[in-house]
There are 2 protein chains.
Amino acid sequence: MARKRQMKLSAYLVGTGMHAGSWRLEQAHPGASIDIDYYRRLVQTAERGKFDIAFLADSLAINDQSHPNILNRFEPITLIAALAGATSRIGLVATASTSYIEPFNLARLFMSADHISKGRVGWNIVTTRDLSGSTARNFGASTHPELALRYQKAAEFVNVVRGLWDSWEDDAFIFNKETGVVFDPNKLHRIRHKGEFFEVEGPLNIARSPQGHPVLVQAGNSEPGQQFAAQIGEIIFAIKFNFEDARQYYQAFKERIVSFGRNPDDVYILQGISPVIGATEEEARLKLKRLERLLPDDTIMGFLADYFRELDLSRFTPETASKEAGLHTLNAIHPDYRKHQPVIIRENPTLREVYSLIIGSFSGDHLIGTPEKIADTLEKWFLEGAADGFMLMSPALPDGLEEFIDRVVPILQQRGLFKKDYEGTTLREHFGLPVPPNRFCRQTV
Amino acid sequence: MARKRQMKLSAYLVGTGMHAGSWRLEQAHPGASIDIDYYRRLVQTAERGKFDIAFLADSLAINDQSHPNILNRFEPITLIAALAGATSRIGLVATASTSYIEPFNLARLFMSADHISKGRVGWNIVTTRDLSGSTARNFGASTHPELALRYQKAAEFVNVVRGLWDSWEDDAFIFNKETGVVFDPNKLHRIRHKGEFFEVEGPLNIARSPQGHPVLVQAGNSEPGQQFAAQIGEIIFAIKFNFEDARQYYQAFKERIVSFGRNPDDVYILQGISPVIGATEEEARLKLKRLERLLPDDTIMGFLADYFRELDLSRFTPETASKEAGLHTLNAIHPDYRKHQPVIIRENPTLREVYSLIIGSFSGDHLIGTPEKIADTLEKWFLEGAADGFMLMSPALPDGLEEFIDRVVPILQQRGLFKKDYEGTTLREHFGLPVPPNRFCRQTV
């Protein structure tokens, strides 16, 4: 653990927060998801808290059941380009899918943002889950490709993008004003890729950034997703609801990384957390209850009816226990459900709580309470091999982020678990990640 | 002319300037095209000069002959998103092609940038010219579609994008904290487009911006390009090398606009200019000569050999007259050449001058000289029906822009030809362009 003696922190920034009722809080700004000044303040807050990353999620389709914060929101690559100018140190990670954009366009967009931020960008690679086909229908595709195919395509896509990013060797540009020589043509490379899914000649019309390549982030949870992440991910984002699950996942994933011949210390696993912070445990619980009450019943039941299409939930209310609704014995068609079912069987939550669990705005008892309790949980997970750091998915924003920074971060810093200031300037430097070598460079002997 | 009593000004921002030798000037910063701080200063300078627009061009492929400023440069949509935070009034126009990106992605990127800038964005619509096929090969296409097909596709593309931009009616979001109602589902629309080239269901996951839609900019020069521009363009960008050509183009284009049932006053024609400014005419001429000498002979001859593939130019030098090289009688295959040939026949320039003419870093005698002479030219073109404004394509940056703002703009302001300050805040307000109605809104009766 020598190199990783301190945990990493990433702030998941989404409008009024992860909780679907957060926009109804008295202090909430419901138009937050489309207010650039709000996002600038949010990312500046995260930078004040010495966070390593501000993280922007994404999706390519919406419907009437979508979370209020994603119905109307910024496209994340343009957003990080804008946020770069409001900050100077924090890493900026944008989500983009490999399923619905040309690799040449994506390579350019991310590398451009990486230059704009002077080397602080990361790409959260997703392949897009699209059970209803609504994403496919936004892109003229009759059907969304199935999981395994999506990851095959993603692997080729990422390979093409990384090749394009290496089009120019770092010392290709000469700019000799005397002789008029602009660049050394031997240091400009075409990938000439002809693969199963893509044909791309290159070169890219933008050179490598101060950190070489944007950092690759991945959150694949399925088997093909985890294989892909273990091969190419530099930062892994997972969500586990208790220490034992998190530790098992962490250990298994690090072994998976080793199985691909990679150094497990070069890959950081961040566990998603949605803490609810109070001066006392009781205050924190009350706060969560208040949030839960802000979820309209039909939002919850509409979402669950869509998620559990194979069940008839029409007789139930959000207060029905999950066992009564048939969730404990369900062999769900939703691929996501497998990870939730053990928790649901163990704790028999109400349907309201099941909803929160699924949409990721609930993390379990160990993250509800005083700043000390939350710091204790993070310390345990970090020191006992369940996490290299955390993705803070605050139920309510900006409050949840501010409270965490003002009340939890100082404890972590005091305990030596988190840095007191940035040391480097690029995202790779924050994580001690190596600058990727240029694939076209002759190795020095 | 009542509404357009004042001319509009746009600054074409590209690294060290339009002139391919500009990077070799003693004061030039050859890495300018990838330096975000440089671009921030540049756009702030343009805003200091009360320019209506900062304009960013684009291309999707490069080769060894490419202009030094485009080999390694920002992707323009991420760039305008970043520049939005460094400015508060100037319009920001980014170029993007309709030939190599999904309309859903493009609609999002531009609308996101438009929100980030609070309604100051324009989209310069291009279809991409690709004589060598190098762009097509970056996108897995075996051949680049020919001109007429590209514009058919562009028309459908723009229609889809505008439809997606109207997904949300302006008052769709309710955010009633009491009742928990987020939006009125009757005010969320799917375009359900099934056309010849695209199938897109919608809705877009971002609402209309403070100016409704980004402003549509077009520079089509071919017959299908001009038809397309006259149908959908709000700002037209042309390059003509003398008053008579400019006036004829202007008059004919305004008639074309009328033929589509549009109000010609709702469409602004900006003429591209590359002025060379000196305290005296002689100083200006010397300045241009100095620039011309910075073009290496093989840059010029390599470019022209590629441009005039049907000629053998190997026996000639940049000082050869165009007539001797066979340019006057040439029936050129390059579609661009038709617009240059009359000038070339009339003036019999050297090949060096032909090169400058083609790459747009030379505007003719009427734009070389003192600030007064340049102001006189612009006044004449503006008042005598050849232009609604100008696109300043400075041969060298940042000097050309600074000189224009410090020495020409004050004269134009004194003469009442150009505004002394911004009145509105959106790009549409700068041009007095109407906010496009939402196509899905029931008309009020």
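Cβ atoms here come from the backbone N, Cα and C positions, even for glycine.
What TrEMBL lists as FMN binding site is B:Asp58, B:Thr95, B:Tyr151, B:Ser222. The domain 'Luciferase-like' feature in TrEMBL is assigned to B:28-381.
The Cβ of B:Tyr151 (FMN binding site) has B:Thr127, B:Gly220, B:Pro224, B:Gly225, B:Gln227, B:Phe228 as same-chain neighbours under 8 Å, each 6 or more residues away in sequence.
Other C-beta atoms found within 10 angstroms of the C-beta of B:Asp58 (FMN binding site) number 20, with every protein chain shown included.
Here the domain 'Luciferase-like' (B:28-381) has a mean pLDDT of 93 out of 100. Long-range C-beta contacts of B:Thr95 (FMN binding site), restricted to its own chain and to partners at least six residues apart, with a cutoff below 8 Å, comprise B:Phe55, B:Leu56, B:Ala57, B:Asp58, B:Pro76, B:Asn124, B:Val126. For B:Ser222 (FMN binding site), the number of other Cβ atoms no farther than 10 Å from its own Cβ, over all displayed protein chains, is 18.
Counted over all residue pairs in B:Asp58, B:Thr95, B:Tyr151, B:Ser222, the record's binders of FMN, the longest Cα to Cα distance measures 19 angstrom. In the three-state DSSP scheme, B:Ser222 (FMN binding site) falls into the coil class.
Secondary structure at B:Tyr151 (FMN binding site), as computed by DSSP, is helix.
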